[in-house]
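Since the structure comes first, as structure tokens, the remarks are kept for the end.
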Amino acid sequence: MMILARLFYEFFKIGLFTYGGGLAMLPLLQEKATAYGWLTKEQFTDMIAISQSTPGAIAINMATFVGYDQAGFLGSLISSIGVILPGFIIIIIVAKFLKHFNEKPVVKAIFVGLRATVIGLILTAVINVAMVSVVNIDLYNETKIIGNLFDVKSIILFAVTMFAVIKYKKHPIYYIISAGIIGIIIW
């Protein structure tokens, strides 16, 4: 029963204190998931990939997975409700009052600040995922060979994917499936 309360509380905090959607939640999700031993850094990175390739918001997908892993179906339900509930409550309150205040300079300033902060949170998540995905700190520390610091295949796959996304602008599922197939072939 304590695990259910912990899951609800932690995912409620994640939903309450992060703005900007699922990607902005990644740093706090990673902090909580690793602090409580729910996921290792590698598992967290894998969960990002899985969450991005399945329908639904990344935070809800991760909450559902972690909750299920820790406490079965009820854990997944409690975790998902925990991460959704704050946003649901906040958006009802904001919708009620924003229509009266959205042209006020202070409200506009708040949103400028929130957008900048969300960019910082998303960039932090990108760096954390990159550190697990393309940087081999452990191998480098063992060998002290600079060539072992980066996973060249991952960097090439990243660059090719970025090029394809920018040039072709297809739905993300095409890139996710392609990367999965390439991963099976070269790793």
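A Cβ is built for glycine as well, from the same backbone N, Cα and C atoms used for every other residue.
Unlike curated entries, TrEMBL annotations are predicted automatically.
Here TrEMBL flags 7-29, 71-98, 110-133, 145-166 as transmembrane segment.
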When counting Cβ pairs under 8 Å to the transmembrane segment (110-133), the leader among 7-29, 71-98, 145-166: 7-29
Six or more residues beyond either end and a Cβ under 8 Å away: which residues meet both conditions relative to the transmembrane segment (145-166)? 133-137, 139, 172, 175, 178-179, 182-183, 186-187
